[in-house]
Amino acid sequence: MLRAAVFLLLSFTFTSLLAFPTGVRLCRRDKRFVLAKTKWPNTRLTWQFRDPFGMFHNETQRAAARESFGDETFGRDKVDLEVLFAKYHHNDLEDFDGEGGIIAHSAYPTEGLVHFDASEHWSTDGREGLDLRYVALHEIGHALGLRHSTHPKAIMNPYYREQLSDGFRLSKDDIFGIKELYDNTEY
C-alpha cells in the first residue's frame, strides 16, 4: 500500500498539476511560493523505485502499483527520478540520522532524487506514523523545482503539519508555483 501511494503521488504530480484551470488569478501580494533556478526540460519524467530494505514485500502491493503505473523504468536504464528508501549513509550528500530528525530529502531538477528515511515509521494516513503521502508530495515538489513556501497551507511549507485528508487539495500557492515553472500562461 505504501509503494502504491508513492506511485500515485508521482503519477498525480507529473500528469495533473499542469491541468488545473488557468482562469484563477493569484494576487501578487499573495504569491509566497519560491522557485528553484532549474526545471525539467520536459513534463514526462521516468522514475524508478528502490526498496533495498524490503519495506514493500507484499506482492499484491507491487502488482497493483505495476498495473496502475506502467511508466516506472525497470532495470539499469537511466531514469529522471530515483525514489529510494534508505538508511544513514546512502551515497549522496545528505545522510539520514535514524528515526526522527531528517525524514526525507530530494534535489531540484535535474538531479533526480527523492529519498525517504527507511528508519522512520511511515503510514499512508498519518495516524500511526508519518504520512508518506504528505512527505512524498512535498519532496516531489522540490524535485519539480519548488522551494519552500511561507504560505501556511502550502504543501511546500517547510514544516510537517498533518496527515492528508481524503479531500485534500493542493493550495493555490503550490499550484501557481508549478504553473509558473512549467506553463507559459500569464496570470
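In case you wondered, yes, glycine gets a Cβ from its N, Cα and C as well.
Not measured: the values here are computed from a predicted model.
The signal peptide feature in TrEMBL is assigned to 1-19.
TrEMBL lists 36-184 with the feature domain 'Peptidase metallopeptidase'.
Feature annotation from TrEMBL assigns Ca(2+) 2 binding site to ASP80. In the shown protein chains, 19 other C-beta atoms lie within 10 A of the C-beta of ASP80 (Ca(2+) 2 binding site).
Within 10 Å of the C-beta atom of HIS105 (Zn(2+) 1 binding site) sit 18 other C-beta atoms, taking all shown protein chains into account. Per TrEMBL, the feature Zn(2+) 1 binding site maps to HIS90, ASP92, HIS105, HIS115.
Feature annotation from TrEMBL assigns Ca(2+) 3 binding site to ASP97, GLY98, ASP117, GLU120. The Cβ neighbour count for GLY98 (Ca(2+) 3 binding site), using a 10 Å radius over every protein chain in view, is 13.
GLU120 (Ca(2+) 3 binding site) falls within neither a helix nor a strand when secondary structure is assigned with DSSP, and so counts as coil. Residues near GLU120 (Ca(2+) 3 binding site) in space but far in sequence (CB under 8 A, at least 6 apart, same chain), listed by position: GLU99, GLY100, ILE103, GLY129, LEU130. According to TrEMBL, the feature Ca(2+) 1 binding site maps to GLU120.
Annotation source TrEMBL lists Zn(2+) 2 binding site at HIS138, HIS142, HIS148, MET156. Neighbours of HIS138 (Zn(2+) 2 binding site), defined as other CB atoms within 10 A of its CB across all chains, total 24.
Taken from TrEMBL, the feature active site covers GLU139. For GLU139 (active site), other Cβ atoms within 10 Å of its Cβ number 22.
Using a 10 Å radius centred on the Cβ of ASP117 (Ca(2+) 3 binding site) and all shown protein chains, the other Cβ atoms total 24. DSSP gives HIS105 (Zn(2+) 1 binding site) a strand state. In the structure shown, across all protein chains, HIS115 is the one of the binding-site residues HIS90, HIS115, HIS148 with the greatest number of other Cβ atoms within 10 Å. HIS115 (Zn(2+) 1 binding site) has its Cα within 10 Å of the Cα of these recorded positions: GLU139, taken from ASP97, GLY98, HIS138, GLU139, HIS142, HIS148. Counting Cβ atoms from all protein chains shown, ASP92 (Zn(2+) 1 binding site) has 15 others lying within 10 Å of its own Cβ. In this structure, ASP80 (Ca(2+) 2 binding site) belongs to neither helix nor strand by DSSP; it is coil.
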